[in-house]
Amino acid sequence: MANSKFEYVRHFEQNDTLLPNTYIVIRIDGRGFHRFSQTHNFAKPNDRRAIDLMNHCAIQVMKDLHDIILAYGQSDEYSFVLPKKSNLYSRRASKLSSTVVSLFASNYVMAWPTFFGSQAIEYPPCFDSRTVCYPSDQNLKDYLNWRQADCHINNLYNTTFWALVHDGLTETEAEDKLKGTFSKDKNELLFSKYNVNYNNIEPIYRKGSTIIRLRQEVTSISPRNGEPVTRTKLVPAAVHDDIIGQDFWDKHQNLLQ
Ligand code: DGT
Ligand code: MG
Ligand code: MG
Ligand code: MG
Ligand code: MG
């Protein structure tokens, strides 16, 4: 095609190619989900429908973008990890983050009724997105550790906070009571006053969700002869494991290879 005289404007575009040979993390986070969760009456401290919907969206993103090796999600955020050698979209930051976040958001709206039934979605949700490069395995693990530690700290706080509020304290009183407390104080309070052993709360809430590609037997009908054929496929699925300890990485040694 002949060049038009307008073509020169292309040179105004800036290069945003990410560093080679580094893990790329794309993290999306709901914009103003404090309000979004209130408008849609999310259960406190955790709404299982909302978490399942987030996990569904992350799985759809991973089904579409095969380079992603792992995703970790909690609350209104999800982090997607690309391996060091990935050349997806020539490692262009804006291409990567905009593709992931728009795919995530469109899935969120599309699948809403599956998880929320007849409860309508009141306004269009929005997510922001960023990319970060991590040069070493340890840096990547520490990034994921940081997000899972955040999940734990928030969940322990929120669980205790809502226990106090359901017990009759005002939100301000509950906040005051928890000011300056450590994890062990909250654990103790939950156990002694409300008979809740924090460690028995479902792992999906305490640990968040990690999506990895797990081997699964998939049976489909052959288009050739109409016979069922069973094959082993890698299917993205959520686990709720501790990823801070070494066990997870020993169990899934192929992840960082
Ligand atoms: P941002 O990200 O700066 O636009 O602002 P927010 O409001 O999205 O704040 P953020 O991302 O720090 O915190 C997530 C909010 O979403 C927080 O207010 C709690 C809420 N949220 C997330 N998951 C749940 C849930 O399962 N239940 C309830 N009740 N709230 C949730
Ligand atoms: Mg924020
Ligand atoms: Mg948010
Ligand atoms: Mg958030
Ligand atoms: Mg195009």
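Backbone N, Cα and C atoms are what each Cβ position is placed from, and that goes for glycine too.
Remember, predicted model here, so these are calculated numbers, not experimental data.
Using a 10 Å Cβ-Cβ cutoff, ASP76 (Mg(2+) 2 binding site) registers 20 neighbours. Annotation source TrEMBL lists Mg(2+) 2 binding site at ASP29, ASP76.
Here TrEMBL flags ASP29, GLY30, ARG31, GLY32, PHE33, HIS34, SER75, ASP76 as GTP binding site. If you take the C-beta of GLY30 (GTP binding site) and look for same-chain residues 6 or more apart in sequence within under 8 angstroms, you find PHE36, ASP76, GLU77, PRO125, CYS126, PHE127.
Annotation source TrEMBL lists Mg(2+) 1 binding site at ASP29, GLY30, ASP76. Taking the Cβ of ASP29 (Mg(2+) 2 binding site) as centre and 10 Å as the limit, one finds 15 other Cβ atoms among all the protein chains shown.
Summarising the annotation, TrEMBL assigns domain 'tRNAHis guanylyltransferase catalytic' to 6-135.
What TrEMBL records for 138-223 is domain 'Thg1 C-terminal'. Confidence for the domain 'Thg1 C-terminal' (138-223), expressed as mean pLDDT, is 97.
Excluding ASP29, GLY30, ARG31, GLY32, PHE33, HIS34, SER75, ASP76, which define the GTP site, the same chain contributes PHE36, SER37, GLU77, PHE127 within 8 Å (Cβ to the Cβ centroid), listed in sequence order. If you take the C-beta of ARG31 (GTP binding site) and look for same-chain residues 6 or more apart in sequence within under 8 angstroms, you find PRO125, CYS126, PHE127, ASP128. The DSSP breakdown of the domain 'tRNAHis guanylyltransferase catalytic' (6-135), given as helix, strand and coil counts, is 58 helix, 29 strand, 43 coil. Among the binding-site residues ASP29, ARG31, HIS34, the residues whose Cβ sits under 6 Å from any atom of ligand 4 are ASP29.
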